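Peer 1: If you scroll down you'll find the structure; I have some questions about it.
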């Protein structure tokens, strides 16, 4: 039971990532594909925070508790996750701008109908 | 496991599952209402979690959610207005039930915390939650009439 | 101790992510992504990372759905004007 609890966050992170990849691969609409990429990125947030989590510990924020009074979770992975979230938002915005340009040039957002990358 | 965290778990399980089911099935009107009620279901759970973990700093998350949740719903109400044009989604029973839940949680936390700055913050969050929920529901039910050309 | 709330949050995230991928229409997917953003913020709180939760709320519940909805509207309008001009 306890081992299942230790492993569950990683299993969920892997599941969410694979689900996002499945959606990305089988997508018929580029905007839907960008949404699936956002899902993949959220899997990485879950993985990072699961790595840093400690049982019974609390957040490394000391505005309302004394430093050193309670055990805290790892703060480095929280900084990584913060960066990851912001980068994810930026990448989503950039990709959506590219999708708009594709719609303007080719008149479609269906990846199967875009012929430029065909060999 | 103390009682606050247990209450938050129950609230999250029930509210989250209901919101997820509502947002994935049915007409666009029902989906937008479910997205609106996500805020009202999750924000009280965040308040209960902050009390359960003994960290008053977590209340800021509930404050931000009470502010940004209705903003998200208004975004959808404005940009999905064409899809919602025939429907005028309204669920006033659910809206008032959500307002009742928010009020109950805020009152319970104020009683547990005692008077002070923290209580003022909780009351502000409760007011924002209920007000934001009512405003977003009005926007969904009333529709945006000037959207046809925009 | 707080294992139950972590399990519930993780299962909610998994369910939301599945729903977001299964929704093929981008406008409906934006709605599910908004719910996913809120549920992720709760998961971050439960994993004792409120600062990440604050960023995730700001980004995931208002910003990403807004971007996707604007893109959907522009693509739809472009498709409509092309059909109208034909």
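Note: Cβ is positioned from N, Cα and C throughout, glycine not excepted.
Per TrEMBL, the features are:
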TRANSMEM  C:6-23  transmembrane segment
DOMAIN    C:11-77  domain 'MrpA C-terminal/MbhD'
TRANSMEM  C:30-47  transmembrane segment
TRANSMEM  C:53-72  transmembrane segment
Peer 1: I'm checking region-level scores; what's the whole-number mean pLDDT for the domain 'MrpA C-terminal/MbhD' (C:11-77)?
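Peer 2: Average per-residue pLDDT within the domain 'MrpA C-terminal/MbhD' (C:11-77): 94.
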Peer 1: Mind tallying the domain 'MrpA C-terminal/MbhD' (C:11-77) by DSSP state, helix then strand then coil?
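Peer 2: Here the numbers are 61 helix, 0 strand, 6 coil.
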